[in-house]
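What follows is one structure encoded as structure tokens, with my remarks underneath.
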Amino acid sequence: DNFSQVTEFILLGLSDTQELQLLFFTFFLLAYSMVLLGNLLIIVTVRTDPKLSSPMYFLLCNLSFIDICYTSVTIPRVLVALLSGHKAIAFEGCMAQLFFLHFVGSSEMFLLTAMAFDRYTAICRPLHYTAIMARGACWALVHACWVGGFIHSIVQTVLMLQLPFCGPNMIHGYFCDVPPVVRLACTDTTLTEWLMASNSGLISLGCFLVLVASYTLILAKVRAHVSQGHWKALSTCASHMMAVTLLFVPCIFTYLRPAGTLPTSKYVCVIYTIFSPVMNPLIYTLRSSEMKESMWRL
């Protein structure tokens, strides 16, 4: 029992203007449709084409599944709220949304790190690639990503449930997240904010630094070779790094500091909750001729 008097929160969304709400509804609907169709197409293509049995496509299939789950945590409820005008969310529903958002989001961060390790192994240690990235190792990496995401999320949720909320209950955003919700607590949250920042923020920063280091090592390896295959690898890594930046930089800005130090723009959240999942299918498939050929055959 957290002794909370607040039974529901009000999600204020991105704007109160009727015309802008119609625009946002169209934007969110198109974005969600692209995420669903693009990622479902990737999953079906990888599952039905035996040529796409390498660890890279196995991890890509899991990334597509995570992106579908990630956007489904927030966007459907936003669409319903924009249509009905009902902006209230129950306290339990808010905590559940916060839990699943961090569960799936942190699992995606860990999976992107695993995908970078896969690319590093394929380019820098090609003779040992088959042995290192065996099917059992790939499953172990995916399971570790989900377990790591669950541990991270359960810690965040437990810290939130221990806070008392007695009003106000207005959340400046379109979903429940740690920074806007913790500001509404009726107690001194300094210690809790630092614990949450060290949890979410350090995970985001740590994974991002590992990704940058892996792609830097790949770049150093590629510079010693000028063959067409290595330049293709360089181009692929550059596009992957762009997708990684769309996710990690806004997350680092949002979570790697206590919630009360600087106001978090609700529009920054659009980058890692909407743009990143939309861009992932494009970036991770358009750079692969095998994937495009398999899609055309499908």
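Cβ coordinates are placed from backbone N, Cα and C, and glycine is handled just like the others.
Small disclaimer: the values here were computed from a predicted structure and weren't measured.
TrEMBL annotations:
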| type | residues | note |
| --- | --- | --- |
| DOMAIN | 38-284 | domain 'G-protein coupled receptors family 1 profile' |
| TRANSMEM | 20-44 | transmembrane segment |
| TRANSMEM | 56-75 | transmembrane segment |
| TRANSMEM | 95-117 | transmembrane segment |
| TRANSMEM | 137-155 | transmembrane segment |
| TRANSMEM | 201-222 | transmembrane segment |
| TRANSMEM | 234-255 | transmembrane segment |
| TRANSMEM | 267-286 | transmembrane segment |
Calculate the per-residue pLDDT averaged over the domain 'G-protein coupled receptors family 1 profile' (38-284) and state the result as an integer.
-> 85
Residues of the parent chain within Cβ reach of the transmembrane segment (137-155), under 8 Å, 6 or more residues beyond its termini | 55, 58-59, 62, 99-100, 102-108, 110-111, 114, 117, 199-200, 203
Contact set, same chain, for the transmembrane segment (95-117): CB under 8 Å, 6 or more residues outside the stretch | 56, 59-60, 62-63, 66-67, 69-70, 73-74, 77, 89, 141-142, 144-146, 148-150, 152-154, 156-157, 160-161, 175-178, 181, 200, 203-204, 207, 210-211, 214-215, 240, 244, 247-248, 251, 272
